Amino acid sequence: MSNGSQILVFKDMGLVSQVFDETSLGSLQGHIAVGHARYSTTGASVWENAQPTFRATAHGSIALGHNGNLVNTARLAEMVADLPKKEGRATQVAATNDTDLVTALLAGQVDEDGKPLTIEQAAAKVLPEVRGAFSLVFMDEHTLYAARDPQGIRPLVLGRLERGWVVASESAALDICGASFVREIEPGELIAIDENGIRTQRFAEAKPKGCVFEYVYLARPDTDIAGRNVYLSRVEMGRKLAAEAPADADLVIATPESGTPAAIGYAEASGIPFGAGLVKNAYVGRTFIQPSQTIRQLGIRLKLNPLKEVIKGKRLVVVDDSIVRGNTQRALVRMLREAGAAEVHIRISSPPVKWPCFFGIDFATRAELIANGMTVEEIGTSLGADSLSYISLDGMIEATTIQKPNLCRACFDGEYPMELPDPELLGKQLLETELAAGPAATAAADALRRP
């Protein structure tokens, strides 16, 4: 939060509702703010890696939030090491995430004469060197900035308030804060917003490759991406799934909440009644994005409970959006059988996930993917289901209404939207050891408040 003369950063581990209360929010006074809720893909889920990241600059300071994941992290670390020394000291990186490297690079740029660049000048120089998925919001004391990678892998939107502007990852966030949707930040675009309005420039040619998994699972259903509503896409995936993979059953149920729109579409197209067969604990988060296998497995039992009176004796079609590791579905089949289901037929509204994601989804190795090396029939047997079917790749893509060449489908077909470095230069733990050299050398470290 900037009050025009300094930036104050307040962050902690936990849910937004746990970190911020009336007292802490009341202490954050200013006219520019950047907020972030982290889902860890590079670097452990620890306080030091929480965002926004913060750095002192020659002109003030910078705070930055990042949605996505970078693939040239090792190269960026080398660039940070090559930054001009300050008072004989090299730039230090305390965090072990790719985001802090970008922040350090933006804070440390100089021109040919050694004169420090402004944040806006530095961004025009640094962003063309960054590879991977990045939707960035960052700020100095006077200006809010936003930038999106040339492929536009992750969404980023611009909204208008009566007396201000909003940049957010999803259009649903604009609705929540009462802002009107203006447009998406274009792939390869950098915008700056200050008291004089908006400035925009291109730092790279747009080569759209939006993540199709946003439509499948990641995005909120009330969000629009590239002009297409996510909820409608998921319902249509369910309809196409019913046509491609029919089942002789009595009831269609969803794995809530993310499987519900596709289950509704499946029921509509198949004529099989839709019902609520599972009760979700509203106080347990999304199972897939939990950062460890143990927490994921515990989370499933805490999260879902079958309605025995509804499913007893029924032949069930259970619709879910995806199978990544198989944790949810295996536990779910077991619970449904214990509750008296006569048959359990699993239908998935995305194709088998066979390839790792390096662009902001936490499955970075093929070894952790259940579809790697197993047939659909083998997966179904592993889950304990009576049958298992997935939607086709073309069926899923058609449901989004986005042209296939404009979507990143790498987790399904292995066609990555950019060249990747060697495997040893990728992965969540890349920066955990050699780059954690000590506390960040910033003169404004006291502006970081840790509760």
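Quick reminder: no glycine exception, Cβ is built from N, Cα and C everywhere.
Copied over from TrEMBL, here are the features:
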type	residues	note
BINDING	Cys211, Cys357, Cys408, Cys411	[4Fe-4S] cluster binding site
BINDING	Ser258, Asp320, Asp321	Mg(2+) binding site
DOMAIN	1-196	domain 'Glutamine amidotransferase type-2'
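Taking the centroid of the Cβ atoms of Ser258, Asp320, Asp321 as the Mg(2+) site, the other same-chain residues with Cβ within 8 Å of it are Val216, Tyr217, Ala254, Thr255, Gly259, Ala262, Val319, Ser322, Ile348, Ser349. Highlighted in sequence order, Ile153, Val212, Phe213, Phe359, Gly360, Ile361, Arg409, Ala410 have their Cβ within 8 Å of the centre of the Cβ atoms of Cys211, Cys357, Cys408, Cys411, the residues recorded for [4Fe-4S] cluster, and are not part of that set. The Cβ of Asp320 (Mg(2+) binding site) lies under 8 Å from the Cβ of Ala254, Thr255, Ser258, Gly259, Ala262, Thr328, Gln329, Ile346, Arg347, Ile348, Ser349, each of which sits 6+ residues away along the same chain. Fewest other C-beta atoms within 10 angstroms, among the binding-site residues Cys211, Cys357, Cys408, Cys411, are seen around Cys357. Over all protein chains present, the Cβ of Asp321 (Mg(2+) binding site) has 25 other Cβ atoms lying within 10 Å. Look at Cys408 ([4Fe-4S] cluster binding site): DSSP puts it in a strand.
The secondary structure of Asp321 (Mg(2+) binding site), as reduced to three states from DSSP, is coil rather than helix or strand. Note on Ser258 (Mg(2+) binding site): other Cβ atoms within 10 Å of its Cβ, all shown chains, come to 21.
Across the fold, the C-alpha of Cys357 ([4Fe-4S] cluster binding site) and the C-alpha of Asp321 (Mg(2+) binding site) stand 17 Å from each other.
This prediction places the mean pLDDT of the domain 'Glutamine amidotransferase type-2' (1-196) at 88.
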